[in-house]
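According to Swiss-Prot, the signal peptide annotation covers 1-25, on the basis of sequence analysis. If you look up Swiss-Prot, you'll see C28-C72, C39-C59, C45-C66, C49-C68 marked as disulfide bond, on the strength of experimental evidence.
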Amino acid sequence: MARSLCFMAFAILAMMLFVAYEVQARECKTESNTFPGICITKPPCRKACISEKFTDGHCSKLLRRCLCTKPCVFDEKMIKTGAETLVEEAKTLAAALLEEEIMDN
């Protein structure tokens, strides 16, 4: 009886962990354009990334580059700048709205 109770507790905790993992938003990363040199500590990298309008930044482990992060929009793999990003996001949004309209009918 005690073993089955422990197993059930473990199973519930494992399920909660998997559900919480799937709920997290995807995080897009790109190398900083303004950070100079080798990235050793997080604070200067984070400051450079925030100045580039990202939400956070950290040093890559192997290449020691400053990587800027922000939540992905529409599951895009790459972060682009300027009008190109706006056009792609508008196309993706239009496709999503069209799909929703088709599914409702």
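Using the three backbone atoms N, Cα and C, a Cβ is placed for every residue, glycine included.
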Residues near C66 (disulfide bond) in space but at least six apart in sequence (CB under 8 A): E31, S32, F35, C39, P44, C45, A48, C49, G57, H58, C59, S60
Which of C28, C49, C59, C68, C72, the listed disulfide-bonded residues, has fewest other Cβ atoms within 10 Å: C72
C-beta crowding around C39 (disulfide bond), within 10 angstroms: 21
Integer Cα-Cα distance in angstrom, C68 (disulfide bond) to C28 (disulfide bond): 8
Secondary structure of C72 (disulfide bond) (DSSP, helix/strand/coil): coil
Secondary structure of C39 (disulfide bond) (DSSP, helix/strand/coil): coil
